[in-house]
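Noted in Swiss-Prot for the protein shown:
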type	residues	note
BINDING	22, 23, 82, 286, 355, 362, 363	N(1)-(5-phospho-beta-D-ribosyl)glycinamide binding site
BINDING	114, 155, 160, 161, 162, 163, 164, 165, 195, 196, 197, 198, 203	ATP binding site
BINDING	267, 279	Mg(2+) binding site
DOMAIN	119-308	domain 'ATP-grasp'
């Protein structure tokens, strides 16, 4: 049985978000719907989830001492990581002391870098993956590329949104790719993974919920990537029954091996009936923002329901839907959005994240749309996103 207290009262149930971006903001809103007290933590002030939290803190979450201090001060009942760049050793220690880390500290530690989760998937679970090698020096990087072959992809073992990633076609690109990978890691320079290129028809995110009443799957989410980050996503992605069954089997193995309750974003390559594991995030996924319009329970609502120990029951998918990012390029600490009235309409919504500033290219919002089919939904979402004019 789940007992929930009322926010700001002595018996309050407290949730601390480690990472307060747009995904954390939606988790915070779902917690607010249940009267939960929300504490948002990030490395910069006025992050999106801080706008809808009861309190907020600005710290370097890779600093073990600072992380322990804020958790000890706030005494949350649930610690909910939104990003990878966290001192996960400290989370394991705190979990050992009785704190509840979502979905569990082991999952956050294994998935904070690509090495932990790749070794779990390929070497422990025996799941199909791309060929890969790890390297921690430029010399071993050259050896790894030689072993994997061209073309290949290099990524920092700890990065997100395409930072530090390069597609390598020839030896002439190696020096530049190594340097870029060293600059792009979330925790600074360090180890990289070199992956062989997988031939696939499309990529999916299989949003998978591990809850008290078992493992549940959302309809597969298709997406288009550019520069290592998603541009559009849609649901449902059409695929064969056999491929879907295999995708669900892989996702089930991964989330049960990681442990804990919550929603996981399992990324997979699909080629015909074959399915290859790519990555997993033990939290809501950016491509899953489409579920804000496509399902009765969004990925954020499912995450909260699961980690609070509530049954999921069933997930209702309404029909074809899509999301398209609002991705301007400018420099400003006073961003405004014009022409929003022309973007919204029947079956079309806009979410603006409330990020405090932009310096270059940054995702500041998302358009959501339904349609008679996925193709129409994508067109409607992209058109809506393009109509929003970002100024600063």
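Just so you know, the numbers here start at 1 and follow the chain as drawn.
Each residue, glycine too, has its Cβ placed from N, Cα and C.
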Find the average pLDDT over the domain 'ATP-grasp' (119-308) in the predicted model and report it.
-> 95
Counting Cβ atoms within 10 Å of each Cβ, the densest environment among the binding-site residues 114, 355, 362, 363 belongs to 114
When distances run from the Cα of residue 286 (N(1)-(5-phospho-beta-D-ribosyl)glycinamide binding site) to each of the binding-site residues 164, 195, 267, 279, the nearest one | 267
Would you mind listing, in sequence order, the residues at least six apart from residue 197 (ATP binding site) in the same chain with a Cβ closer than 8 Å to its Cβ?
-> 130, 151, 152, 153, 167
Top Cα neighbour of residue 267 (Mg(2+) binding site) in the set of binding-site residues 22, 82, 164 = 82
Can you tell which of the binding-site residues (22, 82, 195, 267, 286) has the fewest other C-beta atoms within 10 angstroms of its C-beta?
-> 267
Taking residue 114 (ATP binding site) as the reference, which of 22, 23, 82, 279, 355, 362 (the binding-site residues) have a CA within 10 A of its CA?
-> 279
Taking the Cα atoms as reference points, how far is residue 23 (N(1)-(5-phospho-beta-D-ribosyl)glycinamide binding site) from residue 279 (Mg(2+) binding site) in Å?
-> 18
Residues satisfying Cβ distance under 8 Å from residue 203 (ATP binding site), sequence separation of at least 6 = 222, 223, 225, 267, 268, 269, 270, 278
Whole-number Å distance between the CA of residue 279 (Mg(2+) binding site) and the CA of residue 363 (N(1)-(5-phospho-beta-D-ribosyl)glycinamide binding site)?
-> 22
Note down the number of other Cβ atoms within 10 Å of the Cβ of residue 23 (N(1)-(5-phospho-beta-D-ribosyl)glycinamide binding site), including every protein chain shown.
-> 26
Using C-alpha atoms only, work out the spacing between residue 22 (N(1)-(5-phospho-beta-D-ribosyl)glycinamide binding site) and residue 164 (ATP binding site) and round it to an integer in Å.
-> 22
With a 10 Å radius around each C-beta, find which of these binding-site residues (164, 279) has the fewest other C-beta atoms nearby.
-> 279
Whole-number Å value for how far residue 362 (N(1)-(5-phospho-beta-D-ribosyl)glycinamide binding site) lies from residue 164 (ATP binding site) (Cα to Cα) = 16
